[in-house]
Amino acid sequence: MQLRWTQRGMMWLGALLTLLLCSSLKGQENSFTINSIHMQILPHSTVQNGENLTLQCLVDVSTTSRVKPLHQVLFYKDDVLLHNVSSRRNTESYLIPHVRVCDSGRYKCNVILNNKEKTTPEYEVWVKGVSDPRVTLDKKEVIEGGVVVVNCSVPEEKAPVHFTIEKFELNIRGAKKKREKTSQNQNFVTLEFTVEEQDRTIRFQCQAKIFSGSNVESSRPIQSDLVTVRESFSNPKFHIIPEGKVMEGDDLQVKCTVQVTHQAQSFPEIIIQKDREIVAHNSLSSEAVYSVMATTEHNGNYTCKVEASRISKVSSVVVNVTELFSKPKLESSATHLDQGEDLNLLCSIPGAPPANFTIQKGGMTVSQTQNFTKRVSEWDSGLYTCVAGVGRVFKRSNTVQITVCEMLSKPSIFHDSRSEVIKGQTIEVSCQSVNGTAPIFYQLSNTSKPVANQSVGSNKPAIFRVKPTKDVEYCCSADNCHSHSKMFSEVLRVKVIAPVDEAQLVVLKGEVEPGEPIVFYCSVNEGSFPITYKFYKEKESKPFYQDTINATQIMWHKTTASKEYEGQYYCTASNRANLSKHVIQSNTLTVRVYLPLEKGLIAVVVIGVIIVTLVLGAKCYFLKKAKAKQMPVEMSRPAVPLLNSNNEKTLSDAGTEADRHYGYNEDVGNHAMKPLNENKEPLTLDVEYTEVEVTSPEPHQGLGTKGTETETVYSEIRKADPDFVENRYSRTEGSLDGS
């Protein structure tokens, strides 16, 4: 019993110790670190297509634990996860068997231990070469023109793949046909190749190319099985009948034959050509025939083409036909004849063999002999040929153009204007020869000077458009192929009327007194007679005088003028060349009728206005001058004489200065004012200003009595050079008479 309690106590003690140990271990966590990580590529980073590739990830981890921690190893290609494994080992491997181009790329290894991780650098792997493609054909025997389907694939590679397929003839170097195609989504292509007529035994070759980054990897060229080609028909053959020498007049037969195999589904088309022209063809049998009577025109190269769908075979032969007689020659005594002359035609054959002759004009027979003679008319113009025959052979000669020219009739000349011709107006002058062979050459002349030329291809009139500016005489000449000299028409006289141009009104005297005459002249620069003149007073619709005369000027006068004739006047001029809306109007003139008293008053007013204007101008000038200098000098004395440019006079001179305005000389009363700068003083003269007290007489006193009223006057004194006379200009404030 005691022993049982002892054993039970020991068990509890062991359990207690275990708990204590575990709690102690839990209180102390293990520490770890990833010292390094490295990746190896075996056998090396550049491998041939089909080899095995091993990626090794080497990890060095340090820890305080007696047991190596469990870490996670990840393999990446181009940042895409390839393999993931949890391990306690230092080295983990990943095998890629039979690498292909698609396995080229950048590889790296990543290690994760709890919350710590480390990654290796990226390693470039390059797979060289492409696996051999597979070439398959849909048939091993084919007829000419048939189609062979070629399939080329690289099953172990990934798209896109660029395929090149070539067709070769057995025992012949160089490809007969080459085709290329890129398959974007599949690792194979299927292409059709047509079998041509020259193919006998053919094979196909395929090569694959894949783009890997900046590199292009290519496979070995792989050849297909041999394909046997059967003919659908033979090459064409020619048969010429008669054999040997072929003479003109013989029956010529050109035959082309071909042999068709039993594998052909239908007959091919047989075509016979002579110098590109198809002369015979057949698609219902194995031959085509061209039959004709032989002439020298059938000499040449003949070609036979046999065509069926995609197949075409060609054969050629040269046919020589011996000439029986030469081509006839047609000769004429002349090719251009005047009407009434004799035409002589002669047809001959070199060597002069016996033959039958026919002379034709435009397809109609005019003679059945070698010679043809006739006195010609215009209707005999045309094309002449000669036909010579020996047996069944007929030959046509050269063509001769005969032109018979009819003499022209005297041309007539006329124009279309039914009324008078106005200067500058366009008129149509026509010239026509009713009889004569065309073309006819017309020339329009003006007093022996050519104006225009025109050729007409018929007997219709030639129309010339002219613009005469004065009376003119026209004549036209006509000429054609006839040997006669030119024919001249009569003279056509064209009368041209000129419209009135620029009217002008002139008055003999624009200002008249009552009882004096008023005389108007209305004239024009140019215009055909008669001219109608009309005189108008302004604002009146009807003329007060009009007349039609044969002159470029007209006068109207009124012997005694009165006040009612005062106003504005104008005139108009027109002739039959002026349209109603284009009447020429002159300038406008004003006529004034004055009484003698009015005339004197007007003169006085005009003179007064001139004097006032000059006084105001001088006053403004001196005021501006005084303000500009601003150098007033004051002085006073009883009376100072005023000086002008010519004389010195006192302001108190009776009868001479009392009624005179200042700033003018004595000649003002004679309507002549002397300019202030008469002595042409230089602009640099010194100027002095003096204040002067002037005594003026009382208004009610006479000019000889001295008044007691004084005025202040500013005097400007200029100092001149010794060579000049001293000029003094005086101005007073107000007038001398107190007004």
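Every residue, even glycine, has its Cβ placed from backbone N, Cα and C.
Note: Swiss-Prot links Cys431 through a disulfide bond to Cys476 (candidates: Cys347, Cys476, Cys481).
Swiss-Prot marks one residue of Tyr474, Tyr533, Tyr569, Tyr689 with the annotation phosphotyrosine, and that residue is Tyr689.
The record in Swiss-Prot pairs Cys522 in a disulfide bond with Cys571, which is drawn from Cys405, Cys571, Cys620. The motif 'ITIM motif 2' annotation in Swiss-Prot falls on one of the ranges 142-147, 292-297, 388-393, 712-717, namely 712-717. With a 10 A radius on its CB, Cys620 (S-palmitoyl cysteine) counts 10 other CB atoms from all the protein chains. In this structure, Cys620 (S-palmitoyl cysteine) is part of a helix by DSSP.
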